[in-house]
Amino acid sequence: MSVLGILVGYFPPITANMNTIFAVLLVFFGCCSNVVFLETLVREFPGCGNIVTFAQFAFIALEGFIFETNFGRKKPAIPMSNYVVMVTMFFTVSVINNYALNFNIAMPLHMIFRSGSLIANMIMGIIILKKRYSMSKYLSVAMVSLGIFICTIMSAKQVNVGTQGSDDQGVYAFLHWLIGIAMLTFALLMSARMGIFQETLYKQYGKHSKEALFYNHCLPLPGFLLLSSDIYNHCVLFSQSTPVEVPVIGQAVPVLWLYLLLNVITQYVCIRGVFILTTECASLTVTLVVTLRKFISLIISILFFKNPFTAWHWVGTGVVFLGTLIYTEVWTSICTALRGSEKLRKKKT
């Protein structure tokens with residue numbers, strides 16, 4: 001049985017539905033290129049997370065205001081009070097995730113840490129919804145936790161080794177890094193809690209993903225007033241960056257503004273791709289596509305930006321993704337597809 005045959009057996013919607021193929025391409029192109037532009041910005045100014053988050057929110061909110069709410073004339077299907085709760089959590093998660101990059105958090109570690117979202121959802125499901133899972137699920141929890149722990153410990157050693165100067169400076173850098181780890185952990189658990197809240201809302205009011213996407217990005221915009229001074233400072237810094245000629249408009253533009261625009265556009269493409277996938281495919285397929293996308297983004301970050309990545313980092317990464325695949329029961333589904341294809345082949349012969 002060829003690899004193509006396995007994929008055809010496992011992903012019948014993908015081979016039969018052009019919308020799904022288009023969505024997968026959007027996810028891989030949008031999300032992977034988005035990581036490249038984000039890391040380019042972060043390498044120039046590590047503290048630019050707030051202006052990036054604001055730009056993404058403003059763009060998606062504007063698009064939703066025009067095309068989803070018809071310039072505010074369409075009433076929401078889900079009560080606004082529920083959106084306020086959801087938006088508070090979403091805004092907190094988005095800002096903290098981007099702001100954590102200020103605390104010596106390397107982009108590969110940032111991506112690996114966020115790969116623990118399935119596990120965080122499971123923990124919240126056990127605590128809040130009193131769910132029970134199979135042994136394979138608990139095994140995957142242990143594997144993902146172990147993988148993240150390995151990568152975190154190796155990154156901690158790099159922080160200590162890479163710090164030059166006095167012992168006080170080394171201790172400060174390490175404590176700075178620990179704050180970043182604490183922020184990522186909090187954001188991971190908060191994101192899982194938000195997922196459970198969304199699940200209960202969708203069960204009660206039905207799925208309105210595009211509407212939720214708009215309100216999640218529109219309602220938090222006033223919250224950026226608290227970050228206005230930081231956003232303004234980075235606007236000035238971006239405007240002072242090297243100008244590059246843009247043939248489309250026929251004039252030079254500061255290069256960091258161009259990178260920010262490309263980051264916002266690719267973020268929108270990524271989110272739209274995931275949205276189409278959720279409407280066209282089973283959740284298992286969506287999870288697998290997103291997991292593979294994260295792995296490719298990680299490889300791009302390591303190779304393109306030459307981020308330090310030891311053999312132990314590779315071990316930890318492998319354990320994280322293997323645990324994720326076990327959680328989504330990919331192996332079981334592939335085996336089922338193989339058995340089904342084998343039966344079809346025998347019938348034909």
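Keep in mind that glycine also has a Cβ here, set from the backbone N, Cα and C atoms.
Remember, TrEMBL labels are computer predictions, not curated facts.
Copied over from TrEMBL, here are the features:
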TRANSMEM  21-38  transmembrane segment
TRANSMEM  50-71  transmembrane segment
TRANSMEM  83-101  transmembrane segment
TRANSMEM  107-129  transmembrane segment
TRANSMEM  141-159  transmembrane segment
TRANSMEM  171-192  transmembrane segment
TRANSMEM  252-271  transmembrane segment
TRANSMEM  283-305  transmembrane segment
TRANSMEM  311-338  transmembrane segment
Sequence-remote contacts (6 or more beyond its ends) of the transmembrane segment (107-129), Cβ cut-off under 8 Å?
35, 38-39, 42, 97, 100-101, 137, 140-141, 144-145, 147-148, 151-152, 155, 181, 184-185, 188-189, 191-193, 195-196, 287, 291, 294, 297-298, 301-302, 305, 307, 309, 313, 316-317, 320-321, 323-324, 327-328
Among 50-71, 83-101, 171-192, 252-271, stretch most in contact with the transmembrane segment (21-38) (C-beta, under 8 angstroms):
252-271
May I ask which of the stretches 50-71, 171-192, 252-271 has the most CB pairs under 8 A with the transmembrane segment (83-101)?
171-192
